[in-house]
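Colleague: Sharing a structure here in structure tokens format.
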Amino acid sequence: MVRCARPTKKPPVTGVQGPHREVMPSIQELLTEQVSGAWAQPGLYFFTVAFLWVNYLWQTYLLVRQYKVLKGNPVLPLKLKRILDPQYYAKSRAYRLDRVLFAIVQNTLTHVYTILILNYEITPKLWNWTTGFIVARGYKGDPELIASVVFISLLLLISGLASLPWDIYATFFIQIKHGISKQSMACYLREAMKSLLIHQVTTLPMSCTLLYLVKRIGPWSFGYFWVARCLLSILRETFYMTLIAPYFQKLYPLPNNRLRSAVESLSTSIGFPLRELYVFEVSQYTTISNAHIAGVFKGKSIILFDTLLKHETVPLDESPKSKSKAQTEKKAPKANLNSRVRFSRGPKDDSCRTKTHYSRRRFPDEDVLAIVCHEIGHWKMSHIPKLFILAELDNLINHLLVGLLYQMPGIFRAFGFHKDTPALIGVVLVAGLLITPYNVLMNFLRTWYKRHCEIQADQFVHKMQQGPYMEKAVITMNMDSLSFPLYDPIYNAWHNSHPPLPQRIEILRGDYTGATGLSTCHLRGQPAYYSPGSVGPSSRPAVRAQFSKAAGKMVKSPVHSKMILKGSKVAVKTRGVVVKVIPGVTSRSPQIKLPSGKVTSPKAASESAKSGSLPTQAAQPVQQHPTSGGPSQSSEPQSGSPK
């Protein structure tokens with residue numbers, strides 16, 4: 001009797017089905033061969049340590065370069081005396097010197113701490129202790145799952161405690177010393193404990209979910225995990241102002257006043273979907289002022305720091321009414337923001353006076369409106385969705401790299417895990433050490449793009465003719481945060497997501513040329529304009545003039561229009577486009593101002609007088625500016641020009 005063999009039962013297939021299911025394992029096999037061959041265990045370890053040293057030396061080199069800039073400029077440069085206070089300059093320099101020295105010490109000790117952990121295999125010992133602790137307690141379930149949860153909790157706790165002394169020193173020995181932070185020790189510890197608790201509560205469920213997906217699906221689980229993170233990010237931004245923020249931040253709607261009316265009018269004119277204006281209470285913690293946009297899709301909210309609305313007390317001899325006309329500084333010209341954006345009538349200010357002091361708003365409504373216009377500029381240029389997409393693409397690449405590398409045995413052995421190969425440990429090693437070069441490169445590119453977005457937002461403010469107000473607001477915000485105006489170019493390109501103060505002022509004045517490398521010498525008094533390439537020699541400054549309504553009908557923005565030399569002619573240039581050419585006016589010929597406000601040459605004026613269109617005696621000479629060679633601005637405003 002012949003027995004038929006029983007058909008063997010195939011084990012149930014779990015995970016992703018389809019022809020693409022073999023793509024990830026094949027790539028993993030190729031990478032495993034590379035790691036076990038050319039990238040042997042000692043080579044992988046030494047490559048990681050070598051990159052940590054290179055990164056540390058590079059960061060220290062940048063800090064030393066910035067330290068030399070700070071030490072080499074003890075006095076306020078002449079090119080910045082027109083816009084900055086020497087006392088603020090000295091204070092910001094002292095603060096930044098302390099910050100740079102603190103950063104050098106912190107980076108050095110943190111680097112030594114990391115190298116010691118890798119050299120003495122502290123992480124494998126912590127994992128072995130965790131698994132032994134779980135087994136000794138008689139846990140009957142999956143020991144890897146509970147051990148991974150405990151291990152991640154210990155890692156978060158140790159990293160938080162390790163960074164706590166640095167944060168305490170930076171807050172209470174540097175920021176409070178220079179008057180930036182106002183936190184008490186009790187308030188700081190309460191916020192630190194709250195942050196650590198939130199980090200634990202959010203990280204542990206995500207770690208458990210990731211570990212479950214890895215065991216069920218395999219390497220493709222990181223793709224699903226990335227999709228879940230994207231959806232959670234969108235939901236968080238959607239319901240942040242209504243469900244999350246009230247429990248962690250002190251927010252209240254901006255009252256109905258002239259500032260709120262102006263912001264709503266500006267939003268309506270631009271098409272910004274404003275849902276609500278909030279005020280964020282931060283004045284009890286810091287002096288830094290800022291504003292930002294929250295929300296996605298059609299419902300967006302603007303959040304203003306309450307430091308933008310606070311008053312400051314100054315001595316009575318510094319108040320506007322106590323100064324004589326000779327001592328009073330010339331006010332910034334009020335440009336027409338938009339025909340539909342106007343401040344409603346109401347109380348000019350909530351300032352009050354005493355016998356010795358004068359209270360005033362540190363940021364007037366016009367300056368706050370310019371800051372809001374800057375934030376709306378980010379929305380108008382689609383910076384917010386672009387940055388979100390770039391961040392999520394970066395996260396996707398990180399997840400794919402981790403999914404390709406986390407199961408390789410050579411990585412575990414290279415860092416001291418000779419027996420166990422837990423999945424979560426592989427994720428920690430790959431994400432925290434192996435792909436560090438990629439993360440450093442992406443951080444630099446992200447910083448560069450953010451700086452580019454800030455330049456575009458400032459250009460939008462200039463286009464909306466709010467540059468003078470934004471210029472004052474930027475200077476005040478830099479004074480509040482003690483930002484130093486001078487930076488080493490390499491340090492600035494690597495670290496700063498915002499342009500330096502001189503460059504931002506050039507952008508807001510319309511003088512920024514980007515690749516031409518316009519220097520900050522234009523900040524002295526009235527800017528001297530040069531046309532790169534096509535205008536002529538750089539030693540011949542162009543004429544800057546403000547045209548009246550009758551003379552400059554084709555000029556849409558008379559405040560920021562420029563007269564640029566083109567041989568023997570002068571072209572009125574507005575926003576980079578030549579819109580009118582006036583013959584007979586050169587830089588060497590004297591200039592006169594006609595009754596209509598037009599600035600022209602004597603030859604053109606005499607021809608107009610002969611034709612009978614202008615009385616000869618009506619022409620008045622225009623005084624030349626001592627620095628730029630152009631006509632000096634009259635104290636009386638011309639018709640059609642901003643007052």
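Each residue, glycine too, has its Cβ placed from N, Cα and C.
Because TrEMBL annotations are produced automatically, they should be read as predictions rather than curated entries.
The transmembrane segment annotation in TrEMBL covers 100-120, 145-174, 396-415, 421-441. Among the features that TrEMBL reports, domain 'Peptidase M48' is placed at 253-509. Residues or ranges marked as Zn(2+) binding site in TrEMBL: His374, His378, Glu454. Among the features that TrEMBL reports, active site, proton donor is placed at Asp458. Annotation comment: TrEMBL describes 628-643 as compositional bias 'Low complexity'.
Could you tell me the structural context for the features on the list?
Modeller: DSSP assigns His374 (Zn(2+) binding site) to a helix. For His374 (Zn(2+) binding site), the number of other Cβ atoms no farther than 10 Å from its own Cβ, over all displayed protein chains, is 21.
Beyond the transmembrane segment (421-441), the same-chain residues lying 6 or more positions past its ends with a Cβ under 8 Å from any Cβ of the stretch are 44, 48, 51-52, 55, 123, 127, 144, 147-148, 151-152, 155, 207, 210-211, 214-215, 397-398, 401-402, 405-409, 411-412, 415.
Asp458 (active site, proton donor) counts 25 other C-beta atoms within 10 Å of its own C-beta, drawing on all protein chains shown. For the recorded site, Asp458 (active site, proton donor), the DSSP three-state label reads helix.
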Colleague: Residue list, the transmembrane segment (145-174) vs rest of chain: Cβ under 8 Å, 6 or more residues beyond ends.
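Modeller: The answer is 95, 98-99, 102, 106, 113, 126-127, 130-131, 133-134, 139, 181, 183, 185, 188, 192, 196, 199-200, 203-204, 207-208, 211-212, 422-425, 428.
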Colleague: Cβ within 8 angstroms of the Cβ centroid of His374, His378, Glu454: which residues besides those meet this for the Zn(2+) site?
Modeller: Glu375, Gly377, His383, Cys453, Gln456, Ala457, Asp458, Phe460, Val461
Colleague: Between His374 (Zn(2+) binding site) and Asp458 (active site, proton donor), how many Å separate their Cα atoms?
Modeller: 6
Colleague: Whole-number Å distance between the CA of Asp458 (active site, proton donor) and the CA of His378 (Zn(2+) binding site)?
Modeller: 9
Colleague: Can you name the residues of this chain that are 6 or more positions from Glu454 (Zn(2+) binding site) yet have a C-beta less than 8 Å from its C-beta?
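Modeller: Within the chain, Glu454 (Zn(2+) binding site) has Cβ neighbours under 8 Å at Ser497, His498, Pro499, Arg504.
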Colleague: Note the mean pLDDT of the domain 'Peptidase M48' (253-509), expressed as a whole number.
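Modeller: Summarising the domain 'Peptidase M48' (253-509) by its mean pLDDT gives 82.
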Colleague: Counting across all protein chains present, how many other Cβ atoms fall within 10 Å of the Cβ of His378 (Zn(2+) binding site)?
Modeller: 19
